[in-house]
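What follows is one structure encoded as structure tokens, with my remarks underneath.
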Amino acid sequence: APLGFVMAVTMVREAVDEVRRFQRDKEMNSQLYSKLTVRGKVQIKSSDIQVGDLIIVEKNQRIPADMIFLRTSEKTGACFIRTDQLDGETDWKLKVAVGCTQRLPAVGDLFSISAYVYAQKPQLDIHSFEGNFTRDDSDPQIHESLSIENSLWASTVVASGTVIGVVIYTGKETRSVLNTSFAQNKVGLLDLELNRLTKALFLAQVVLSVVMVALQGFVGPWFRNLFRFVVLFSYIIPISLRVNLDMGKSAYGWMIMKDENIPGTVVRTSTIPEELGRLVYLLTDKTGTLTQNEMIFKRLHLGTVSYGTDTMDEIQSHIIQSYAQVPSQPSGGAAAGGATPSRKSQTSGPKVRKSVSSRIHEAVKAIALCHNVTPVYESHPGVNGETESAEADQDFSDDNRTYQASSPDEVALVRWTESVGLTLVNRDLTSLQVKTPSGQILSFHILQIFPFTSESKRMGIIVREESTGEITFYMKGADVAMASIVQYNDWLEEECGNMAREGLRTLVVAKKCLSEEQYQDFENRYNQAKLSIHDRSLKVAAVVESLEREMELLCLTGVEDQLQADVRPTLELLRNAGIKIWMLTGDKLETATCIAKSSHLVSRNQEIHVFRPVSNRGEAHLELNAFRRKHDCALVISGDSLEVCLRYYEHEFVELACQCPAVVCCRCSPTQKAQIVRLLQQHTANRTCAIGDGGNDVSMIQAADCGIGIEGKEGKQASLAADFSITQFKHIGRLLMVHGRNSYKRSAALGQFVMHRGMIISTMQAVFSSIFYFASVPLYQGFLMVGYATIYTMFPVFSLVLDQDVKPEMALLYPELYKDLTKGRSLSFKTFLIWVLISVYQGGILMYGALVLFESEFVHVVAISFTALVLTELLMVALTIRTWHWLMVLAEFFSLGCYLASLAFLNEYFGIGRVSLGAFLDLSFITTWPFLWKVSAITLVSCLPLYIIKYLKRKFSPPSYSKLSH
């Protein structure tokens, strides 16, 4: 029965967690979608969607499977989707419908054409896709190449318009599922250690029983006696340990959620609060975890002059001035003011330096045009459809405009150009409209866009100004990529370095004017390259690179990503606590390094070793050797190089990286993050903790021993998958230092005490049996045993859950205390053996004392030894407690009261074996002096030495925390 109860408690608690998860999953799988068939629309559950179905997804609906985007209700033939649950980026992505199907007059015509889609086999990479769309019922077959911008991945949400797509991957083949790992049940280290000790106790029980039978001399039915002894000594195995610990864990969870200093914290997995006290590695995401993911434009540098936040008004006056000169020129084009002087200066023999004013104007115009940002207008109430209303009213008023783009940096740049006078007011697939300070609207025709990729590290755009017909190729990108593209200069590299040291993200902006012939030639080659099936990306890149030569450098911009509140002191605290922090991010190397410095993840005077990109075994070997020679430096490595190192030199790499005070991995895919966590677990056998806030961190959070999710802008997916969910990064300090410490210390004390409780009574049973010729007779009746484990000692023992060795303020002030916990000294074989010795000593004293002092009234031995036992337990609890709490005192007195009351009422249980029927315990005996002094004497002998030893130990080798509290 007790075992059944124990199992039930554990099962109920885990079942509640499971049922909640099940309900969440069921909700997702039974969402309804519209499927297009020849007979019109049909409602279909998302779990029944198959490859080849045509699915209609409305605005703000989740896309149920990976699809190719066939058509949209938007006039432009493109729509926005939100991908925050897929790659952790908060911005919207522009997706383009397949031209051939978008041009069909009506939706129903999709069934009147004969076409097929060729798609590559399912892959992990969410940022690439190659396929072809072929329509074979027209006379020359129509081929269209499909790329990532025609794809709609599952788990993303449609942000504008209605889309129709054809499903290409479902279920386990979708990109989002391929990138998530399966969550395993997490078991805390403390539970594993207690399990080991329980096994040891079981062995002890069997050995003890065998010894007893051997001392009997194996006489008679010794086999039966052996089993009787095993049952008698079964109290050695602490069955109630599980219940106590489970209740303890729930109590810790409740305390964490009730802590006013960390509001909004949720404990989702109640089985592992002790893990928080044993962490050695903390793996953190960057965007949204350490930073707020809010960009602010800080600096514009033109080579000779630099403008900061306090001098932006100068730029504004220059812009207003350069657009005010316009009407005096006959060409009438608004941009002529800036473009004409530059034309002249190029043609008139030796180059004349441009005036600062025209250079500022050129730079701002380039920033206002070279991007992938779309202004979105909130529709007015009563008008349906956002775009229609915006086009109908031409309502470009500033108050309801928001910008959407695939990177927050770009939005920051466009917001800034708006603040200095050039406002982006409208954008679709083929054109851009910009408003000047005087309220004029300039229109530009977009000829080509070269999107940003992690390989090229730059983006470009070719626009034709509608009023003058000039074609300009604008480009912006990282300094490493742009340095070789722009014309020779002497300031770019140095200034980039200066900005990076201030923690700014830098972008270099350049331009090139093209003639009509140059552009036509380029366009023909570019379209040919786009249709090739083999090495398509290489051929396209080669064509684009033919344009990227000798570009005119315009300016350098600096944007700041603000850190979360109190990130620096928190990281400092964790580092002092001996926790090694690894930053795993999908971001660029430069940005990651710059945040690592500004957040003090890497301390000021530490040097940073940037691991050079490696692609094969030899390079990895050389690079690892170079890294081995450096001491105490932080490591920065990119995902691809990491992959290569792990393939060939896994052990060596992990060994080296673990010695680093800080490690930054950039350009990590979600699966790579989880892989790094597993590596650390296998190679170091230390406990890991992962913290993140986006859907791309889920794999890492589930793989770690302890996963913490932050409810951030990137949605709630991470905080739902995590074991603990917090609202701000700074709360992690208190969560680990205070709650982690307390949970671990308390559970260790509780576990050992429950074991001690069982061992002491088994020792008494052994002494009793050995005195009475090894008879397998129980010392105490069943009811007493049940009472002993529950009502008489349960409350005081469980009140250890309230114990704390250091005040929270102390724990946060001296994070070094945390280092002691990671060594696991609160619960080890050493401490366990000490408890065993205590139990054997006390059990022996209690039993022998009772027998020696009560020669005459032998019948009363049970009453005396049991009373002494209960008193000893209560005193031992008092001895273990480090900080008293009023509930503990209450529990002690309540238990004592219960015991005394039961002495009066349950007297027939206090005899020995069958004798108890005749020998009722007289109340008169309990109240006599001999009984009282003898019980006191036995209790004193069993407890006093321990008090003395504890006092001496505190005096001569105090633990680190007690040195602080005095």
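Just so you know, glycine gets a Cβ as well, placed from its N, Cα and C.
D697 (Mg(2+) binding site) counts 34 other C-beta atoms within 10 Å of its own C-beta, drawing on all protein chains shown. Among the features that TrEMBL reports, Mg(2+) binding site is placed at D285, T287, D693, D697.
Marked as ATP binding site by TrEMBL: D285, K286, T287, E410, F452, K476, R505, T585, G586, D587, R667, K673, N696, D697. Listed in sequence order, M295, D409, G558, V559, E560, D561, E590, T591, C594 are the same-chain residues at least 6 apart in sequence whose CB falls under 8 Å from the CB of R505 (ATP binding site).
Here TrEMBL flags 388-397 as compositional bias 'Acidic residues'.
Mean pLDDT for the domain 'P-type ATPase A' (41-175) in the predicted structure: 88. Residues annotated as domain 'P-type ATPase A' in TrEMBL: 41-175.
The annotation domain 'P-type ATPase C-terminal' is assigned in TrEMBL to 720-958.
Residues or ranges marked as region 'Disordered' by TrEMBL: 327-355 (among others).
Per TrEMBL, the feature region 'Disordered' maps to 379-404 (among others).
Outside the transmembrane segment (152-171), and at least 6 residues removed from its termini, the chain residues within Cβ reach (under 8 Å) are 36, 49-74, 79-83, 85-86, 92-93, 95, 97, 107, 110, 117, 119, 122, 126, 131, 177, 376, 386-387, 404, 695. Marked as transmembrane segment by TrEMBL: 152-171 (among others).
Residues or ranges marked as transmembrane segment by TrEMBL: 200-220 (among others).
Sequence annotations record features per position, and here TrEMBL assigns transmembrane segment to 226-245 (among others).
Same-chain neighbours of the transmembrane segment (754-774): 197, 201, 205, 208, 212-213, 215-216, 229, 232-233, 235-238, 240-241, 244, 780, 785, 788-789, 793, 797, 832, 835-836, 838-840, 842-844, 846-848, 851, 865, 869, 872-873, 876, counting only residues six or more beyond its ends whose CB sits under 8 Å from a CB of the stretch. Annotation source TrEMBL lists transmembrane segment at 754-774 (among others).
Within the same chain, residues 235, 240, 244, 247-248, 251-252, 746, 749-750, 753-754, 757, 761, 862, 866, 869-870, 873-874, 877, 880-881, 885, 887-888, 891-892, 894-895, 898-899, 902, 906, 909-910, 916 sit at least 6 positions outside the transmembrane segment (780-802) and bring their C-beta atoms closer than 8 Å to a C-beta of that stretch. What TrEMBL lists as transmembrane segment is 780-802 (among others).
Annotated transmembrane segment per TrEMBL: 832-852 (among others), in sequence order. Using a Cβ-Cβ cut-off under 8 Å and counting only residues 6 or more beyond its ends in the same chain, the transmembrane segment (832-852) has close neighbours at 197, 200, 752, 755-756, 759-764, 766-768, 771, 858, 861, 864-865, 868-869, 872, 876, 934, 937-938, 941-943, 945-946.
Among the features that TrEMBL reports, transmembrane segment is placed at 858-879 (among others). Remote same-chain partners of the transmembrane segment (858-879), defined as residues 6 or more beyond its termini with a Cβ less than 8 Å from a stretch Cβ, comprise 753, 756-757, 760-761, 764, 779-780, 784, 788, 792-793, 796-797, 799-800, 842, 846-847, 849-851, 888, 892, 895-896, 899, 903, 910-912, 915-916, 919, 921, 925-926, 931, 934-935, 938-939, 942-943, 946-947, 950.
If you look up TrEMBL, you'll see 886-906 (among others) marked as transmembrane segment.
Within the chain, the transmembrane segment (926-949) has long-range Cβ neighbours (under 8 A, six or more residues past its boundaries) at 838, 841-842, 845-846, 849-850, 853-854, 860, 863-865, 867-868, 871-872, 875-876, 879, 903. Annotation comment: TrEMBL describes 926-949 (among others) as transmembrane segment.
Same-chain neighbours of the transmembrane segment (226-245): 2-3, 5-6, 9-10, 191, 194, 198, 201-202, 204-206, 208-210, 212-213, 747, 750-751, 754-755, 757-759, 761-762, 765-766, 769, 776, 778, 785, 789, 794, 797-798, counting only residues six or more beyond its ends whose CB sits under 8 Å from a CB of the stretch. Between the candidate binding-site residues, T287, N696, the densest Cβ environment within 10 Å is the one around N696.
Proximity of distant same-chain residues to the transmembrane segment (886-906), defined by a Cβ-Cβ separation under 8 Å and at least 6 residues beyond the stretch ends, is recorded for 783, 787, 791-796, 798-799, 802-803, 863, 867, 870-871, 874, 877-878, 921, 923, 926. Here the transmembrane segment (200-220) has long-range neighbours at 226, 229-230, 232-234, 236-238, 755, 758-759, 762, 766, 769-770, 773-774, 776, 832, meaning same-chain residues at least 6 beyond its ends whose C-beta is under 8 angstroms from one of its own.
Here the binding-site residues are D285, D693, and the one ringed by the most other CB atoms within 10 angstroms is D693. Neighbour counts of Cβ atoms within 10 Å were compared for the binding-site residues F452, G586, R667, and the top value is held by G586.
Among the binding-site residues listed (F452, G586, R667), G586 has its Cα nearest to the Cα of D697 (Mg(2+) binding site). Among the record's ATP binders, D285, K286, T287, E410, F452, K476, R505, T585, G586, D587, R667, K673, N696, D697, no two C-alpha atoms are more than 30 Å apart, and one pair sits at exactly that spread. Within 10 Å of D285 (Mg(2+) binding site), counting C-alpha to C-alpha distances, fall the following of the binding-site residues F452, G586, R667: G586.
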